[in-house]
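What TrEMBL records for this protein:
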{"type": "DOMAIN", "residues": "78-123", "note": "domain 'RING-type'"}
{"type": "DOMAIN", "residues": "144-182", "note": "domain 'TRAF-type'"}
{"type": "REGION", "residues": "41-62", "note": "region 'Disordered'"}
{"type": "ZN_FING", "residues": "144-182", "note": "zinc finger"}
Amino acid sequence: MSRDMGVAAPGSSTSGLGVVAVGAALEAVAGVAAMQEEVAIRRDGPETDPDEPPKKRVRLPEGEAGKLEERLYSVLCCTVCLDLPKASVYQCTNGHLMCAGCFIHLLADSRLKEEQATCPNCRCEISKNLCCRNLAVEKAVSELPADCPFCLKQFPRSTLERHQKEECQDRVTLCKYKRIGCPWQGPFHELPAHEGECCHPNKTGAELMGVLGEMDQSHRRDMQLYNSIFGLLCYEKIGFTEVQFRPYRTDDFITRLYYETPRFTVLNQTWVLKARVNDSERNPNLSCKRTLSFQLLLKSKVNSPLECSFLLLKGPYDDVRIKPVIHHHAFSNDTNETEYVLLPISDSVECNKLLAAKNINLRLFIFQIQK
């Protein structure tokens with residue numbers, strides 16, 4: 001038996017089939033080669049004469065590159081503050097750009113004025129549902145150059161913050177002996193020389209004890225709040241619930257915005273929370289500084305005074321920053337509501353976040369003091 005199975009006898013039917021198969025294979029190989037050659041030409045460009053000098057890539061002159069950056073700044077800037085966005089970028093339905101801070105501020109202003117928020121450019125309606133983030137613009141802005149305020153060199157905006165905090169040799173830094181009273185601050189590259197000459201490590205024990213005493217007082221103030229909370233957690237009757245502040249308007253000739261929660265039950269009693277902006281200031285939308293204050297109301301009738309401690313914290317799904325503050329009140333049928341107290345948010349930006357939301361969601365804790 002022959003081992004060569006690839007060659008058929010002349011005149012046989014298998015010979016015709018083999019010739020056809022080989023021809024088809026050769027055509028296929030030729031087609032693939034032609035496609036590869038075409039792709040290579042498209043990728044590498046047409047063949048060049050080896051005697052011809054190589055062509056250099058054309059670069060924009062320095063002045064034209066600067067003009068291009070200026071044009072990009074004008075195109076990508078926020079339509080409200082006319083500055084380049086530092087974080088998220090939102091756009092209206094017509095594509096006009098707004099930085100996150102201005103977008104939230106517009107929504108908060110519309111809530112205070114009881115108007116529909118609109119785009120400053122085209123006056124189309126804007127809201128958290130109608131507007132979306134523009135990730136392409138965010139990426140483009142992060143790659144634009146920006147000057148370091150310390151060394152005045154240019155870096156992409158995406159790396160500028162890290163450069164300022166960790167790499168810049170001219171960034172302002174403090175002496176490591178600041179905690180024991182050294183007031184020096186200066187460029188980072190001068191820090192080793194200063195620390196080598198700093199006199200504060202040679203302070204006497206009495207001087208160090210005075211500094212440590214001030215540090216202890218500050219630490220005790222910080223720990224007092226946490227110790228109070230831990231003490232309240234030892235009470236027998238503790239209740240908490242999620243509360244939702246909903247916006248309403250007063251019936252005055254000039255209506256004012258206020259918030260109120262639906263009735264809720266905690267510790268077998270019925271309660272309501274109310275809140276107001278800037279202590280019911282007449283035109284809070286004209287003020288740059290904005291605050292929220294709230295009060296707790298007992299709606300149930302009680303047979304004896306009900307002494308309670310309470311505090312508000314942020315809800316589980318919100319990103320607003322609230323510093324906990326404990327309040328106390330003795331509730332009775334005659335004194336069934338507390339005074340308005342400030343909601344301890346960090347600044348007006350956090351307040352605008354709450355005002356821009358459809359509802360304000362927080363968490364309330366009530367501790368009943370047993371006598």
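Using N, Cα and C of the backbone, Cβ positions are placed for all residues, glycine too.
Restricting the average to the domain 'RING-type' (78-123) gives a pLDDT of 92.
Assigned with DSSP, the residues of the domain 'RING-type' (78-123) fall into helix, strand and coil as follows: 14 helix, 7 strand, 25 coil.
Note: the domain 'TRAF-type' (144-182) comprises 14 helix, 9 strand, 16 coil (DSSP; helix = H, G, I, strand = E, B).
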